[in-house]
Amino acid sequence: MKQQKKLWIFLVIISCNLWGISGLCAKRVFDLSTQVSPITITQIRMLISGLFLLLLAQLTGKKPIKILYSRKNIIDIILYGLFGLIPIQLFYFIVVQKSNASIATILQFMGPFFIMFYMVVFEHQFLRRLDIVAALVAFMGIIFIATHGNFSKISLSPEVLFWGFLSALGVATNTLIPRPLLKRMDSVTLIAWSMIATGLMMLIAYPSQILIPKDSRVIILLVVIIILGTILPFYCMLNSLRYIKPSTASILDAFEPISATLGSVFVFNLILKPIDWLGTILVILAVIAICYQPKSKIESIQK
């Protein structure tokens, strides 16, 4: 179990890095095409990723159609899509569009604190002081990375705060809602149907937003967003919840701005400052702290 936990922590870190890369790709898509909106990207990635995962579930013998025989499963899938997938994807892009990626990253990382609050209050789970300190250290590291030490960038309008708050709640709901569902269905089937259901609802609500890009560069970037930024990370993240705590998984999301920053060095010729390296070190130290499990205490409580 301990080795499995380490493996899934590693896979969650990879997933968060992939989300960071997909954020860079989305930024590039917005620059290349003014017709593509956050709604457009969310619709496309939901529908195509969902259909691909549904096919994968069928080919691997998961029998994805079978879970639709239960009305409760259908309702839970739709609720997860509405309150888990949409906030963490669509609302994040809205904050990027109305502010910038730095603000979006900082606001979204309030999510781990919501998760910690939920786990302590509603599930009465033991929370180490080390976990709280690690979350605060990671949050400080993200601020350093996202602003590059220029704190004047943090200028928030009520609208940005509103969408950012919902995005942070999305981090919590996207992590907490699937936990009981994974006891009744496999992760591939859950993600597939949730993405398809949510994508279809968004298509009905915003039919004018769907479009087929003509620019080959935009198409390539969307493929990267779908495969590397959606299918792989969501699969790894949901599976990891069988082995690691939700609060741990959410704090590991701090690796997302690191990959986005390093990617900006190569894509946008960003020059890293000492404050960026300090922020990176703080995030890594925070992750080492939450992964530290003394054998003599509390380990049995956390399993």
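Cβ from N, Cα, C; glycine included.
Under the heading transmembrane segment, TrEMBL lists 7-30 (among others).
Taken from TrEMBL, the feature domain 'EamA' applies to 7-146 (among others).
The transmembrane segment annotation in TrEMBL covers 36-56 (among others).
The transmembrane segment annotation in TrEMBL covers 77-95 (among others).
Annotated transmembrane segment per TrEMBL: 101-121 (among others), in sequence order.
According to TrEMBL, the feature transmembrane segment maps to 130-148 (among others).
TrEMBL lists 160-178 (among others) with the feature transmembrane segment.
For the domain 'EamA' (161-290), the DSSP counts in helix, strand and coil order read 106 helix, 0 strand, 24 coil. What TrEMBL records for 161-290 (among others) is domain 'EamA'.
For 190-212 (among others), the entry in TrEMBL reads transmembrane segment.
If you look up TrEMBL, you'll see 218-238 (among others) marked as transmembrane segment.
Annotated transmembrane segment per TrEMBL: 250-271 (among others), in sequence order.
Annotated transmembrane segment per TrEMBL: 277-294 (among others), in sequence order.
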Problem set entry | Residues in the domain 'EamA' (7-146) grouped by DSSP into helix, strand and remaining coil | 119 helix, 0 strand, 21 coil
Exercise. Is it true that the transmembrane segment (160-178) and the transmembrane segment (36-56) have 3 or more Cβ pairs under 8 Å, skipping pairs fewer than 6 apart in sequence?
Worked result: no
Problem set entry | Most Cβ pairs under 8 Å with the transmembrane segment (101-121), selected from 7-30, 77-95, 130-148, 218-238 | 130-148
Seminar exercise, completed: Counting only residues at least 6 beyond its ends, the same-chain positions whose CB falls under 8 A of a CB in the transmembrane segment (77-95) are 26, 38-39, 41-42, 45-46, 67, 103-104, 107-108, 160, 163-164, 166-167, 169-171, 173-174, 177-178, 181, 190, 193-195, 197-198, 201-202
